[in-house]
Amino acid sequence: MTEQTLVLIKPDGVSRGLVGEVLARIERKGLKIAALELKQVSDELAREHYAEHADKPFFGSLIEFITSGPVVAAVLEGPRAIAAFRQLAGGTDPVEKAAPGSIRGDFGLETQYNLVHGSDSPESAKREIGLWFPEFPVA
């Protein structure tokens, strides 16, 4: 079954020149890039995207980080796209939990500055794609 997922290359990935590397890994995995856009994230979009973390102590720094520079947003499609990208990304903590060979394992150093975001469920993917690509047809 074909699935959709939202992927963000966060400001640290963009500023470090890793966009091409991340997109190449996505394509080598066999996922289709159905939509792609470089954008400066508004405070409003950041707060909507990370709404589930609003009551957590790191929320303010998370919003500050994601709005600190351009982000590459993409919609990926493919069989088990959500799990496939999350495997490619590696664990959230790039030093302790991300396997070597994953994006975070190879390039990440800190939990907050972990280069990429990928939707964690079909429900999250639908919500996130609707936020980042309001005109895009969500499956």
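Here the Cβ of each residue, glycine as well, is placed from N, Cα and C on the backbone.
DSSP classifies R86 (ATP binding site) as helix under the three-state reduction. Annotation source Swiss-Prot lists ATP binding site at K10, F58, R86, T92, R104, N114.
Annotation comment: Swiss-Prot describes H117 as active site, pros-phosphohistidine intermediate, evidence class sequence analysis. The Cβ neighbour count for H117 (active site, pros-phosphohistidine intermediate), using a 10 Å radius and every protein chain shown, is 21.
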Please work out the number of neighbouring Cβ atoms within 10 Å of the Cβ of F58 (ATP binding site), leaving out its own Cβ. 12
Just to confirm: which same-chain residues, 6+ apart in sequence, have a Cβ under 8 Å from the Cβ of R86 (ATP binding site)? G118, D120
Rounded to a whole angstrom, what is the largest C-alpha distance between any two of the residues K10, F58, R86, T92, R104, N114 that the record assigns to ATP? 22
By Cβ count within 10 Å, point out the most packed of the binding-site residues listed: T92, N114. N114
Specify the secondary structure state of H117 (active site, pros-phosphohistidine intermediate) as given by DSSP, simplified to three classes. strand
